[in-house]
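For reference, Swiss-Prot has these:
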SIGNAL    1-19  signal peptide
CARBOHYD  THR22  O-linked glycosylation site
CARBOHYD  THR23  O-linked glycosylation site
CARBOHYD  THR31  O-linked glycosylation site
CARBOHYD  SER32  O-linked glycosylation site
CARBOHYD  THR35  O-linked glycosylation site
CARBOHYD  SER37  O-linked glycosylation site
CARBOHYD  SER40  O-linked glycosylation site
CARBOHYD  THR43  O-linked glycosylation site
CARBOHYD  SER44  O-linked glycosylation site
CARBOHYD  THR51  O-linked glycosylation site
CARBOHYD  THR55  O-linked glycosylation site
CARBOHYD  THR68  O-linked glycosylation site
TRANSMEM  91-113  transmembrane segment
TOPO_DOM  114-149  topological domain 'Cytoplasmic'
REGION    122-149  region 'Disordered'
Amino acid sequence: MYGKIIFVLLLSAIVSISASSTTEVAMHTSTSSVTKSYISSETSDKHKWDTYPATPRAHEVSEIYVTTVYPPEEENGEGVQLVHRFSEPEITLIIFGVMAGVIGTILLIYYSIRRLIKKSPSDVKPLPSPDTDVPLSSVEIENPETSDQ
């Protein structure tokens, strides 16, 4: 049962990491979600309020301003390589650092779950051995109190 819990925790960590990395891309590509009836054109009349509804309705979509930046292209159609702030070894160290952090977090969660599951020595009572309660002699001795009566 605990193996399933650990599996679900690891799976949820992977899903949350992949979801956080794809939300930024989704924000830049969702320009077509605004309906045409809701987009207002810029006019010089500052008192024109009929392009914006007073209360939003369920079928209308709020405006989203998205700026998409494309890398510059050369005249022959090939893209120009972007210049990064970090060198290749620094980028490699950053990637390995993030990977080590994620793996370390997963192992820390696993270790803490194992510590919670494992019983402490004070909670575990040793099983009594059968020889400790019985005297070592094979001869039975009667209790003198019961025999005198």
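Cβ atoms are placed via backbone N, Cα and C, with glycine included.
With a cut-off of 8 Å between Cβ atoms, the residues of this chain six or more beyond the transmembrane segment (91-113) that come close are 2, 5-6, 9-10, 13, 17, 84.
Under DSSP, THR68 (O-linked glycosylation site) is assigned to coil, being neither helix nor strand in the three-state scheme.
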